[in-house]
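Peer 1: Sending over a structure as structure tokens; questions will come in a sec.
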């Protein structure tokens, strides 16, 4: 494209000025590469020229041979301008240009110096913002590592062991589940608690055989629950009184209660209350520390980071620097900082007592899995095995223990007639199986599946940011 421009030079007493806007803010077309060559009307030395460019801070302006000045911009966004300002001797200009009878050179140089300083500040702030992004990310990674080693790293047990052949501590199966599993209590712990209540002879099991399939009834035989833990007595109240008739409840009644649209909300509410009471009992053992120092440290450091960025924003506004250059920095600090705060809030570090008990119960779990291979191990009584088995349920190894126990009991002269619940886990031939556990698991799994389904976020160089007073302009690509 070629344009013939008339009266584009301002002729002052002490300088001639070419001040022209090749693209202005109304330009709607992003351009990958802009190159503008301005050729003066006569020969002039570099020392006699002052050239300035206004627009993107990464723009370049250079003085070349034969009085040619080149302006170049890569990636010109829509809405950005490209403007040239050139001061040169008045002797190069002939008549027919805009004559202004005043001295202007010093004023123009002062104005351009101010814009150049502003551009330098913006560049420095840009560089600072870019450099601070990886620094903030590394700082928050270091903070997370520091929090781990100081507040979250597991303590070592006082005694290491391969096996523990007896119950490590007198706690309920549900409390054990809270200690051993990150998920906390679940339906298997309701089953374990019920079996433990059967073992303690507060309940008894009765098998019901109808035409279709087998069912099991839990019957209350001891109504005085003052010696039970609160979550144990609450489970009796929930299942036998709220769902049952106050004397007994069957697995089918539990399943129907959970499926019914009238009572499913009550079912979930009671389950949540029971889980909450397990948590209250669990806290009494001090297995986990209650310190929130890690969270306090994380919040303090992150807020210091955000405060420093806010200070930079204020300084940027005072120095008239575009504030949005700090958006990536804010995002980096906010995103990684939020992650560190969430991590620190979720820290649950075991106390020394908690580590010791966890180690013992882990060794007990290994014993339950491997006892059948221990030739020198004397098989305990059925009563002891019933005690062990309720904890095997919460440890998630009940079926494996039953399969091993089935083999051992078949080789031993042991009667199940004195058992509290193992008797109901035998088939017609008298062999032990896991039918009772399987029935219970199916009922509660389907019950919770139903409730969850139905109830369910100057001399060349760079451009400055000043200007805008030159003539010309245009909205389209290449519009001078």
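Note that Cβ sites are derived from N, Cα and C of the backbone, with glycine treated the same way.
TrEMBL labels come from automatic prediction, so no person has curated them.
On a predicted model such as this, the values are computed, not experimentally measured, just so you know.
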Peer 1: May I ask you to indicate which of 259-280, 325-346, 347-368, 369-390 is given in TrEMBL as transmembrane segment?
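Peer 2: Within the set 259-280, 325-346, 347-368, 369-390, TrEMBL attaches transmembrane segment to 325-346.
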Peer 1: Identify the transmembrane segment range according to TrEMBL, selecting from 127-149, 150-172, 173-195.
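Peer 2: When 127-149, 150-172, 173-195 are checked in TrEMBL, transmembrane segment belongs to 127-149.
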Peer 1: Look up transmembrane segment in TrEMBL and report which of 282-300, 301-319, 396-414, 415-433 it refers to.
Peer 2: 301-319
Peer 1: Looking at 220-248, 452-480, I want to know which stretch TrEMBL calls region 'Disordered'.
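Peer 2: Checked against TrEMBL: region 'Disordered' maps to 452-480.
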Peer 1: Is the transmembrane segment (127-149) packed against any residues at least 6 beyond its ends, judged by a Cβ distance under 8 Å, and which are they?
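Peer 2: Contacts with the transmembrane segment (127-149): 294, 297-298, 301-302, 305, 309, 312, 325-326, 328-329, 332-333, 336-337, 339-340, 343-344, 347.
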Peer 1: Please list the DSSP helix, strand and coil residue counts for the domain 'DUF2207' (1-88).
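Peer 2: Split into helix, strand and coil, the domain 'DUF2207' (1-88) gives 3 helix, 46 strand, 39 coil.
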Peer 1: Looking only at residues six or more beyond either end of the transmembrane segment (325-346), which have a C-beta under 8 A from one in the stretch?
Peer 2: 122, 125-126, 129-130, 132-133, 136-137, 140-141, 143-144, 147, 151, 294-295, 297-299, 301-302, 305-306, 309, 312-313, 316
Peer 1: Taking the domain 'DUF2207' (1-88) alone, what is its mean pLDDT?
Peer 2: 85
Peer 1: Report, as numbers and ranges, which residues of the same chain sit near the transmembrane segment (301-319): CB under 8 Å and 6 or more residues beyond its ends.
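Peer 2: For the transmembrane segment (301-319), the sequence-distant neighbours (Cβ-Cβ under 8 Å, at least 6 residues beyond its ends) are 118, 121, 125, 128-129, 132, 136, 139-140, 143, 325-326, 329-330, 333-334, 337, 340-341.
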